[in-house]
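Report on the structure given below.
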Amino acid sequence: MVLIRVIANLLILQLSNAQKSSELVIGGDECNITEHRFLVEIFNSSGLFCGGTLIDQEWVLSAAHCDMRNMRIYLGVHNEGVQHADQQRRFAREKFFCLSSRNYTKWDKDIMLIRLNRPVNNSEHIAPLSLPSNPPSVGSVCRIMGWGTITSPNATFPDVPHCANINLFNYTVCRGAHAGLPATSRTLCAGVLQGGIDTCGGDSGGPLICNGTFQGIVSWGGHPCAQPGEPALYTKVFDYLPWIQSIIAGNTTATCPP
C-alpha cells in the first residue's frame with residue numbers, strides 16, 4: 001500500500017503514543033554533524049513534524065503535505081538532547097503553494113515554500129543549500145537524511161539525524177513499482193532496488209541531494225518502507241525553480257508549471 005509519508009507518521013503515532021514522533025532514514029548511519037547545516041525540523045503543537053531545507057536566510061523548502069498549523073521550525077539541530085549555541089527557532093511568516101486550494105497529488109505539486117518570520121545567519125551548524133542549476137541524471141548517487149524512524153513498520157526513533165546513499169532511477173521504475181502513476185510526472189524516482197535503505201515515516205519535506213546538489217523533496221513511497229523493488233518519489237525541485245525564484249524575488253502571485 002502506498003502512503004504519503006506524513007500519513008504513515010500519523011499511523012506510527014497512533015500505534016506508539018509513548019514514543020517520540022520523529023523521522024529518520026532506514027538503513028543509514030548518523031550524519032556527520034557538519035553535513036546537514038541546511039536541514040530543518042518542522043513541528044506543530046502536537047509534536048508531529050516533517051523535514052525541510054533552508055535555501056536562503058529567510059526561506060525553507062518542504063512538501064505541501066507537511067503544511068500544519070502552529071508550525072515551529074528548528075535550525076542547527078543535531079542531537080535532540082544537546083542544544084548548540086547557534087541553534088535557532090523560527091515560525092512561518094508566510095507559506096506558498098502551487099495551488100490556492102493547496103491541492104497536490106502523489107506525483108504533482110507536493111511542494112511548499114516557507115518564509116521565516118525573521119532571517120537566520122550562517123553559523124557553524126546553519127547554512128543554506130543552493131538550488132540546482134541543472135536537473136539530475138539517471139544513475140546519480142543521491143543522499144537522503146532526516147530524524148525519523150529507522151525501522152518499519154514498527155518505529156524506532158534515534159536522537160540524531162541519519163544519512164544514507166540511494167540511486168536515482170528512471171521514472172518508469174517507480175511506475176512499475178507503484179500502481180496508478182501517470183505517464184509523466186514532476187517527480188524523481190530514487191531508492192535501492194534490493195531494499196533496506198529508504199526515507200520513511202515523517203521524512204517528508206527533507207532533501208534529496210544528488211551528486212552534491214539539492215534536487216528533490218521527500219514526498220511519498222511504500223509502506224512498510226525500504227521494501228525491495230519499491231523506490232520512493234521525490235518532488236523534482238528543478239522543475240519549480242521559476243516559481244521558487246519569483247516568489248523569493250517578491251512576485252507572490254507567481255504560478256507553478258502546469
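Cβ atoms are placed via backbone N, Cα and C, with glycine included.
Over in Swiss-Prot, the protein carries these features:
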- 1-18: signal peptide (SIGNAL)
- 25-249: domain 'Peptidase S1' (DOMAIN)
- Cys31-Cys163: disulfide bond (DISULFID)
- Asn32: N-linked glycosylation site (CARBOHYD)
- Asn44: N-linked glycosylation site (CARBOHYD)
- Cys50-Cys66: disulfide bond (DISULFID)
- His65: active site, charge relay system (ACT_SITE)
- Cys98-Cys256: disulfide bond (DISULFID)
- Asn103: N-linked glycosylation site (CARBOHYD)
- Asp110: active site, charge relay system (ACT_SITE)
- Asn121: N-linked glycosylation site (CARBOHYD)
- Ser133: O-linked glycosylation site (CARBOHYD)
- Cys142-Cys210: disulfide bond (DISULFID)
- Asn154: N-linked glycosylation site (CARBOHYD)
- Asn170: N-linked glycosylation site (CARBOHYD)
- Cys174-Cys189: disulfide bond (DISULFID)
- Cys200-Cys225: disulfide bond (DISULFID)
- Ser204: active site, charge relay system (ACT_SITE)
- Asn211: N-linked glycosylation site (CARBOHYD)
- Asn251: N-linked glycosylation site (CARBOHYD)
- Thr255: O-linked glycosylation site (CARBOHYD)
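Taking CA atoms as the reference points, Asn170 (N-linked glycosylation site) and His65 (active site, charge relay system) are 24 Å apart. In space, Asn211 is the closest of the recorded positions Asn44, Cys98, Cys174, Asn211, Asn251 to Asn32 (N-linked glycosylation site), judged by Cα positions.
Nearest to Ser204 (active site, charge relay system) in space, judged by Cα atoms and limited to the recorded positions Cys98, Thr255, Cys256, is Cys98. Of all the recorded positions listed here (Asp110, Ser133, Asn211, Cys225, Thr255), Asp110 has the Cα closest to the Cα of Cys50 (disulfide bond). Around the Cβ of His65 (active site, charge relay system), 21 further Cβ atoms fall within 10 Å across all displayed protein chains. Confidence in the domain 'Peptidase S1' (25-249), given as mean pLDDT, stands at 93. Ranking the recorded positions Cys31, Asn44, Asp110, Ser133 by Cα distance from His65 (active site, charge relay system) puts Asp110 first. In the three-state DSSP classification, Cys189 (disulfide bond) falls within a strand. Cys163 (disulfide bond) carries a strand DSSP state (E or B).
Within 10 Å of Asn211 (N-linked glycosylation site), as judged by C-alpha distances, the recorded positions found are Cys142; the full candidate list was Asn44, Asn121, Cys142, Cys174, Cys189. Secondary structure at Asn32 (N-linked glycosylation site), taken from DSSP and collapsed to helix, strand or coil, is coil.
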